[in-house]
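> One structure coming up, written as structure tokens, with questions to follow.
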């Protein structure tokens with residue numbers, strides 16, 4: 001049997017064995033893909049460790065979140081402009097008669113106070129032993145003799161003023177009251193020869209004695225009511241009867 005016909009087959013087997021041992025599958029696919037086929041991929045291995053955090057990304061657009069809960073009520077706002085007045089309502093029914101209070105409660109507090117004040121003034125008037133009333137004035141005296149300044153102070157103490165006749169009737173009442181010459185509430189202390197009352201008003205009534213006022217001695221700044229009802233100017237430092245007038 002001849003060996004030559006089997007020689008080519010033997011050489012081919014040797015080349016194939018040698019190539020399979022030295023060449024990888026990847027290289028074989030590159031060099032001889034049509035001849036040698038690689039086997040199927042192996043099983044996946046275990047997951048590796050987490051990598052490091054990447055760089056911070058850019059801010060995203062606002063998302064559409066869920067609607068939140070209703071918040072608490074806000075502060076009370078300023079009052080609005082007043083509205084127009086409404087039309088008058090219907091007339092109500094007639095009420096029952098009220099009950100009048102009894103005794104002292106029938107007087108309001110202001111009325112009681114006024115009454116108490118008036119009673120206090122009357123008590124002061126009663127401290128004088130004599131008095132005359134003309135119209136809405138009381139002319140009263142306690143019979144004391146004193147200077148003009150003391151007469152003014154006495155009358156002020158009793159919430160009164162020095163007697164100042166405004167007409168013949170008042171002048172006559174004071175004349176009938178006195179038994180001594182009395183000071184009147186009239187002076188020319190501020191302007192010589194210009195007699196005024198103690199509030200500074202010019203006189204609208206006078207009843208000067210003949211030849212008066214004459215300012216004898218250059219210091220007669222006060223006025224005296226004589227027993228005959230006429231007036232005379234005298235020094236304010238002299239002492240005479242005190243007569244006060246009280247408005248009523």
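Each residue, glycine too, has its Cβ placed from N, Cα and C.
As annotated in Swiss-Prot:
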SIGNAL    1-20  signal peptide
DOMAIN    42-99  domain 'Collagen-like'
REGION    43-113  region 'Disordered'
MOD_RES   47  4-hydroxyproline
COMPBIAS  49-61  compositional bias 'Basic and acidic residues'
MOD_RES   73  4-hydroxyproline
COMPBIAS  75-87  compositional bias 'Pro residues'
MOD_RES   79  4-hydroxyproline
MOD_RES   82  4-hydroxyproline
MOD_RES   88  4-hydroxyproline
COMPBIAS  93-102  compositional bias 'Basic and acidic residues'
COILED    112-130  coiled coil
DOMAIN    134-245  domain 'C-type lectin'
DISULFID  155-244  disulfide bond
DISULFID  222-236  disulfide bond
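Burial and contacts for the listed features, if you can.
Helix, strand and coil residue tallies for the domain 'Collagen-like' (42-99), in that order: 0 helix, 0 strand, 58 coil [DSSP].
Cβ neighbours of residue 47 (4-hydroxyproline) (same chain, under 8 Å, six or more residues apart in sequence): none.
Annotation for residue 73 (4-hydroxyproline): no spatial neighbours, criterion Cβ-Cβ under 8 Å with sequence separation of six or more.
In the shown protein chains, 6 other C-beta atoms lie within 10 A of the C-beta of residue 82 (4-hydroxyproline).
For residue 88 (4-hydroxyproline), the count of additional Cβ atoms within 10 Å of its Cβ stands at 6 [all protein chains shown].
Confidence annotation: the coiled coil (112-130) carries a mean pLDDT of 75 in the model.
Residue 244 (disulfide bond) has a Cβ environment of 26 other Cβ atoms inside 10 Å.
Taking all protein chains in view, 18 other C-beta atoms sit within 10 angstroms of the C-beta of residue 236 (disulfide bond).
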> Given residue 222 (disulfide bond) and residue 244 (disulfide bond), what distance in Å do their CA atoms have, once rounded to a whole number?
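Counting only the Cα atoms, the answer is 15 Å.
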> What's the most sparsely packed of the disulfide-bonded residues 155, 222, counting other C-beta atoms within 10 A?
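Looking at the disulfide-bonded residues 155, 222, the Cβ with the fewest others within 10 Å is that of 155.
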> Of the recorded positions listed here (88, 155, 236, 244), which is spatially closest to residue 79 (4-hydroxyproline) when Cα positions are compared?
88
> Nearest to residue 82 (4-hydroxyproline) in three-dimensional space, by Cα, is which of the recorded positions 88, 155, 236, 244?
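That would be 88, nearest by Cα distance.
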> Could you check what DSSP calls residue 155 (disulfide bond) once collapsed to helix, strand or coil?
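SS state of residue 155 (disulfide bond) = helix.
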> With every protein chain in view, how many other Cβ atoms are within 10 Å of the Cβ of residue 79 (4-hydroxyproline)?
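Other Cβ atoms within 10 Å of residue 79 (4-hydroxyproline): 6.
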